[in-house]
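*Asks:* Would you mind keeping the following structure in view while I ask a few things?
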Amino acid sequence: MIMVVRHTLRDARRGLITLLILLGGLVFAVLGGVASAYPTVAARTEISRIAESLGAASTGLTGPAVNVGTMGGYVQWKYGTVLVVIAGIWAILALTGTLAGEAGRGSLDVLAATPLSRRRLALAKLGGLLAVLTAGCAAATAGAWLGGQAFARLPGDAVPVADAAGLGAWLWTMAVAFGGLAFALAQWLGRAVGAWIAGALLIGGLVAVGYRDFSPVLDAIAPFTPWDWTYAHLPLAGRLDWASLAWPLLAGVLLLGAGVEAFARRDLGAVLSLPRVSPPAFGVRGVAGRVFADRLPAALGWGGGLAVLGFVLAASSATMAEQFVRSPSLAESFGAMFPDFDVSTPGGFLQLVMQLMFVLAGFAAVSLLGGWGADEDTGRMEMLLATPVTRAGLILRGGLGLLGAVAVVTGLAAAGVALGAVAAGSADILRPTAGTGVLGLFAAAVVGVGVAAGGLARMSAAGTVAGIAVVVTYLIDLVAPALDMPDWVREIALTAHLGRPMVGDWDVTGVTACLILAAGGLLVGAAGLTRRDLRH
C-alpha cells in the first residue's frame with residue numbers, strides 16, 4: 001500500500017509544483033500587487049467606497065465586499081473565488097484520472113492482480129492525491145501569512161496566522177467537495193462525464209450564488225452548492241466561520257467513500273451504458289473518425305454542461321432587466337462597470353461571465369486531449385502505425401477528429417444559449433448564439449497547442465501543456481491588472497484579443513490567432529512526431 005502511495009506521489013509531482021505556484025505563489029503575488037497599487041489611506045478608502053457603492057453587483061463572481069480597505073480584504077474580495085476555482089479544477093482532474101482514468105487506459109490491470117484489495121488500492125491512490133492537495137493549500141496559507149508580513153503598509157494589512165489557516169482550510173474543503181463529486185461519478189459514468197458535471201457545478205454554483213438576487217432560478221439552485229454553505233467564511237477579510245466548512249467537508253468525505261466502494265465492488269473500468277443511437281460502423285473507418293468517435297462521449301458531456309450553463313445565464317437576463325426597471329441605481333452601477341454593453345440582455349449577461357466560460361471551454365479541450373494523448377503510452381500508436389498511415393497523417397487526422405469534437409461542444413453550447421435567449425423573450429438571439437463560437441475558437445487553439453506539444457515531446461504531455469496554457473491565460477487576465485503590469489503582459493493572453501463576441505463585438509486579430517494556433521499546432525505536431533522515436 002505504501003508503494004502505491006509513493007507511486008501516486010511521484011506521478012503527481014507536476015501537479016504538486018503547479019499547485020504550489022498557483023496557490024501559494026498567486027496569493028503572495030497579489031498581496032504584493034495590492035500593496036504596490038494602493039499604498040495610501042486615500043487609495044484604500046476610495047477602493048472601499050467603490051466596492052460598497054456597487055452593492056450586489058460587486059459580489060457577482062467574487063464575494064461579499066468586507067474590509068476591502070485592507071490588503072487581505074481586497075484579495076479575498078477580488079481573488080478568493082479564483083483560488084477556489086483553481087483548487088477545485090485541479091482536484092476534479094486529478095481525482096477523475098486516478099482510478100477511472102487509469103482503468104480506462106488499462107494501466108490498473110497489473111495492480112488489480114496483486115494481493116492488494118481494490119478498496120486499499122483506492123484508498124492509497126486517494127491518500128497520495130489528498131497529500132498533494134494538502135501541500136498546495138498549505139502553500140496558500142504560507143503565501144498569505146508571508147505576504148501579509150512582507151507587504152503590510154497600513155494598519156490591518158498584516159494577515160494573522162488564523163486567517164491564513166482559514167484560507168487554506170477553505171480551499172481544501174471546497175476542493176475535496178467538488179473533487180469528491182467528480183471521483184464518485186467517474187466510477188459510474190466515466191472520467192469525462194464525472195469531470196464535466198463537477199466542473200459545471202463548480203462554475204455554475206459560483207454564478208448561482210453571485211447572481212441569485214437577479215434570478216429565481218439561480219436563487220433556487222444556490223442553497224445546494226458549497227459556495228452558499230461557506231458564503232460567510234471570508235478568511236483574508238478577517239471573518240472566520242469554521243463551522244461552515246463542516247458541510248463541504250462532510251459532503252466530500254461521503255462522496256469519496258462512495259467512490260471507493262463503487263471502485264471496489266464494480267468491474268474494473270466498467271461504466272454505465274447510456275442509451276445511444278449510432279451507425280454500426282461509426283468511428284471504425286479512418287484515424288479521424290476513430291478519434292472523433294472516441295472523444296464524442298466527452299464532447300457531449302462538456303457540451304451539455306456548457307449548454308445548461310448557457311441556458312440558465314441567458315434565461316436569467318430577463319430577471320436582470322426587471323431588476324433594472326425597479327432599481328435605477330443598480331442599473332447605473334452596472335452601467336458604470338460595463339459601459340460598452342447592456343448586461344440586461346442575454347448576450348450582455350453572458351459576456352459578464354465570459355472569463356469563466358473560457359476556462360470551461362479550455363478544460364473541455366484539455367479533457368479531449370487527455371484521452372487522445374494516451375495512445376503513445378499504452379502502445380496503441382505502434383498498432384496504428386502498422387497500418388497504411390504515416391506518422392504525420394496520424395497526427396493530422398487525429399487532430400481533425402479532435403477539432404470535430406470541439407465543434408460538437410461548441411454547437412451544444414450555442415444551442416443552450418439560443419434556447420435561453422428565447423426563454424428570456426429577447427429579440428436579440430443571433431448575436432449571443434453566434435458569439436458562443438468564440439468558445440470553440442479558443443478550445444480549438446488549446447487543442448492546437450496540445451497537439452504541438454504531443455508531437456514534439458510526448459503525446460501524454462498534450463493535456464498537461466494545454467492545461468497550463470489555459471490556467472496561465474486565466475491568471476494573466478486576473479493578475480496583470482492587480483500587479484499593474486505593462487499592457488504587453490496583458491496582451492499575451494489570447495482572450496485579451498477576442499473582443500466581446502456575445503454582444504457582437506468580434507476582434508479579427510484574436511479570431512485569426514486562434515485559427516493559426518489550431519492549424520499550426522497540428523502541423524507542428526505532425527512534423528515533431530516524424531522526427532522522434534516513440535516513448536512508453
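Every residue, even glycine, has its Cβ placed from backbone N, Cα and C.
Keep in mind that TrEMBL annotations are predicted by a computer and have not been checked by a curator.
From TrEMBL, for reference:
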TRANSMEM  79-101  transmembrane segment
TRANSMEM  122-147  transmembrane segment
TRANSMEM  167-186  transmembrane segment
TRANSMEM  193-211  transmembrane segment
TRANSMEM  245-264  transmembrane segment
TRANSMEM  299-321  transmembrane segment
TRANSMEM  349-373  transmembrane segment
TRANSMEM  394-422  transmembrane segment
TRANSMEM  434-457  transmembrane segment
TRANSMEM  464-483  transmembrane segment
TRANSMEM  508-529  transmembrane segment
*Asks:* Same chain only, please: residues at least 6 beyond the ends of the transmembrane segment (167-186) with a C-beta under 8 Å from a C-beta of the stretch. Say none if there are none.
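*Replies:* Tertiary neighbours of the transmembrane segment (167-186) are 23, 27, 80, 83-84, 87-88, 90-92, 94-96, 98-101, 126, 130, 133-134, 136-138, 140-141, 144, 193-195, 197-199, 201-202, 226, 230, 233, 235-236, 242, 245, 248-249, 251-256, 258-259, 262.
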*Asks:* Output the single range from 79-101, 349-373, 394-422, 434-457, 508-529 maximising the number of Cβ pairs under 8 Å to the transmembrane segment (464-483).
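*Replies:* Stretch with maximum Cβ contacts: 349-373.
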*Asks:* Report, as numbers and ranges, which residues of the same chain sit near the transmembrane segment (394-422): CB under 8 Å and 6 or more residues beyond its ends.
*Replies:* 286-292, 294-296, 298-300, 302-304, 306-317, 346-347, 350, 361, 364-365, 368-369, 372, 381, 384-385, 428-429, 432-437, 439-440, 443-444, 447-448, 451, 454-455, 518, 521-523, 525-526, 529
